[in-house]
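Structure record follows, encoded as structure tokens.
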Amino acid sequence: MAVGAIGDEEEWVSLYEEENEPDAQTLEIPNLTPYTHYRFRMRQVNIVGTSPFSQSSRVIQTLQAPPDVAPTSITVRTASETSLRLRWVPLPDSQYNGNPESVGYRIKYWRPDLQAQALAQVINDRLEREFTIEGLEEWTEYELQMQAFNAIGAGPWSEAVRGRTRESGYQIAYRLASSSPNTFTTVEVGATVRQFTATELAPESAYIFRLSAKTRQGWGVPLEATVITTEKRERPAPPRELLVPQAQVTARSLQLRWVPGSDGASPIRYFTVQVRELPGGEWQTYSSSVSHEATACAVERLRPFTSYKLRLKATNDIGDSDFSTETDAVTTLQDVPGEPPSFVSVTPHTTSSVLIQWRPPRDESLNGLLQGYRIYYRELESEAASATVSKTLKTPSALRAELAAQSSFKTVNSSTLTTYELTRLKKYRRYEVILTAYNIIGESPASAPVEVFVGEAAPAMAPQNIQVTPLTASQLEVTWDPPPPESQNGNIQGYKVYYWEADSQNETEKMKVLFLPETVVKLKNLTSHTQYLVRISAFNAAGDGPQSDPRQGRTHQAAPGTPSFLAFSEITSTTLNVSWGEPAAANGILQGYRVVYEPLAPVQGVSKVVTVDVKGNGQRWLKVRDLTKGVTYFFRVQARTIAYGPELQANVTAGPAEGSPGSPRDVLVTKSASELTLQWIEGNAGRTPTTGYVIEARPSDEGLWDMFVKDIPRSATSYTVSLDKLRQGVTYEFRVVAVNQAGYGEPSSPSTAVSAQVETPFYEEWWFLLVMALCSLIVILLVVFALVLHGQNRTYGSCSRGKSISNMEESVTLDNGGFAALELNSRHLNVKNTFSKKNGTRSPPRPSPGGLHYSDEDICNKYNGAVLTESANLKEKSVDASESEGTDSESEDAPPQHSFVNHYMSDPTYYNSWKRRAPGGRAPHRYEAVAGGEAGPHLHTVVTTQSAVFAPAGPGARTPLTGFSSFV
């Protein structure tokens, strides 16, 4: 194989390959470019691979030769009645094939209607692009050709082009269409005139115009047109009834027919046809010069088996019509595929078969529905040197038409299959294979023939049981088993190990060849903590077998590289921010970073080294707050995985920076209930104007200055801070630093210390709330007392007036502070009387029983202002009993036994029982007594404050109501 470097740019390209000549000592390299400098180098190839390139040869220049090509893009335009202008694209420098100073062009021209000798013109300027040929006949057609030449000779002639000189003049004749045919008005104009205006015409009339060209030979054939003189002209109507007859549709063309619309009182000049390829194509103009007289147009240059829509518009002197309605979709017919299958390869598979692989033709070249492929193959005659590997020829050795009569073929009836095994071939024979694609119309052109030697086959299967084991941070061990014996197709001579980083195969893939049938290899010089993929193939004398599926393996971790950068920002006299970048080579999982800093020279005799470990990879910055003004510090940062990597070092000097502003003056802090306000006066300006301010704070519980507020506008001279942003109970000092483009300036003097405690309003203090609660309680008691007095006055007033009260509820308070609930039930009355005795108040006077006179009619029926019926039942209920236990139906039909008052008046023994219970006595019982005529013993429920006791009563006995004297 020979590889050459062309020209001065030293770009190495492959120029020639010579196969099966291992003993050759000389090599002829064809197809080189004349008059070009080359250097050559070579390499050898065997079944294992290619050798390194040889040393390059000296610079060699090929000889000059005539140009290989003619000028391109030649065009001819009419210049005048006797001249033509010719234009072309000059040759590029690489096609001169000789000294550029000797390159020129030759033009020959002749009249095709005469047999006269051609004339010639020579242009010696190689960069010239146009030339005017003078002295030609008027209104005459000429053919022209060009060629390039150099000092060695002339190159080939170009294709002939044609051009015609102008006429010497024109004649315009016109008349009314209704007048005599011989009454024309005639006007002659020069050869360069392209427009004529006729005047003094009759309005709303039809005229016939004729135009004739004139040369020295005479007048030519006239062109005639009808024109209507009117001011009512308008754009034409679009053509209608567009139709594409199916019979006129072929694979690459169709015919469009239409009916013209109204011309808008102005003659149609031409039609424009547009075509759109479905489904998503844009409208393309096929032709904009269809004759005004046409009603059909052949549309060509279409793609086979493709759907199209068409539309049409007309144009007159006023303008274009709208486009017509689109036609229905029209699909062209199928055609044979335009290209053969590509990238055809034929490799031995077994000792009697080969494996054929290919890629389908491009979709745009299928020209229909692909049905499948045909494989043509034939046995070749033996040669002196038999091939041991497949060989692809640069040019086909035979056409498909020749092979069809001499070879066999196999048909692959699948459009998706791209692999086929050709079996039952003869051993130790050479075969030639070509491939075609076919559809229902026919077959494509044939692919280039491929030769293969059958008899020796590469291994049919890949190695098995591949294992990838990490050894170190830069080594992996790969082990495997050979392919199965039945698939080896001979003796395994070695293995090829392909390996690459999982994320970048193209850039990192490497191959290692083992010439001994070993089944273990160590891959070295790998990247730490990186995922690798490994494939292995076996090879024998016939070639390489298939590669195995990729297996993964990851190298061990190692110490990381240096951080990618180290930067400092916000440098003040005591603080700065240091940040760093993640190492380019992490070599593992980053566990964190170590930052070490110290002053370059001792500060006050002390050199303090500070080490800070930052865990994790998320935070790659550190706030340093213990610097000394103007001192230079030495910083070191290193990353850590399983161990610390190398350090990245940098120096930085604490502020203020040179050229920075001076310190602000008169810093004042004022405090309100919820805010702090800092005020200051701008200090001296630095080298550049001040751009803003920052505020630093020093809390009493830390003692270090830290940046508190940034990006304060330069126009500000005060700043307000909410106390919520400070820690409660902590005392703070503040200072202000001015900033410009040079950096942070000298800080101001510290402000007076101020506490961050929020002052609570007096109405939220505990003592104020307690006073308000006591005042509210007093007001409530006064209101209640007033209401009680008012109620008692109304009660006694009602009794003295003898008014009947139908319903009343009162609470009875016993002398000892207990309560008893009395309920009088009848069909007319439900009464509960309650008297309350407060501490510090005197009980009402107790009347003497002997001095009281009761009447059953007056007193018993009207007691304490309440009308009592004779059928009243007395119930003294437990607090837990429901007030609705007694109903009118309980004693509705029972005769009254006696009244409530008569019962106690008739028995003097009850008088003495109405005495005040001694203070401090046991809490009164709560019980229920029912007065009535029921016979038998009664159970009285005695309820204490802790429990309920049921006590029996003797026949006819009545339990006195303790404290009833207070009730009376």
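First residue shown is number 1, and so on along the chain.
Quick reminder: no glycine exception, Cβ is built from N, Cα and C everywhere.
According to TrEMBL, the feature compositional bias 'Acidic residues' maps to 882-893.
If you look up TrEMBL, you'll see 1-65 (among others) marked as domain 'Fibronectin type-III'. Averaged over the domain 'Fibronectin type-III' (1-65), the predicted model has a pLDDT of 76.
Taken from TrEMBL, the feature domain 'Fibronectin type-III' applies to 70-168 (among others).
What TrEMBL records for 238-335 (among others) is domain 'Fibronectin type-III'.
Residues or ranges marked as domain 'Fibronectin type-III' by TrEMBL: 340-457 (among others).
Annotation comment: TrEMBL describes 462-558 (among others) as domain 'Fibronectin type-III'.
The domain 'Fibronectin type-III' annotation in TrEMBL covers 559-657 (among others).
Look at TrEMBL and you will find 660-758 (among others) tagged as domain 'Fibronectin type-III'.
TrEMBL lists 833-856 (among others) with the feature region 'Disordered'.
Look at TrEMBL and you will find 874-903 (among others) tagged as region 'Disordered'.
Summarising the annotation, TrEMBL assigns transmembrane segment to 766-789.
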(message) As a test: from 238-335, 462-558, 559-657, 660-758, pick the stretch that has the greatest number of Cβ pairs under 8 Å with the domain 'Fibronectin type-III' (1-65).
(response) 462-558
(request) Using DSSP, tally how many residues of the domain 'Fibronectin type-III' (559-657) sit in helix, strand and coil. (result) 0 helix, 45 strand, 54 coil
(request) Tell me the residue counts in helix, strand and coil for the domain 'Fibronectin type-III' (1-65), as DSSP assigns them. (result) 3 helix, 21 strand, 41 coil
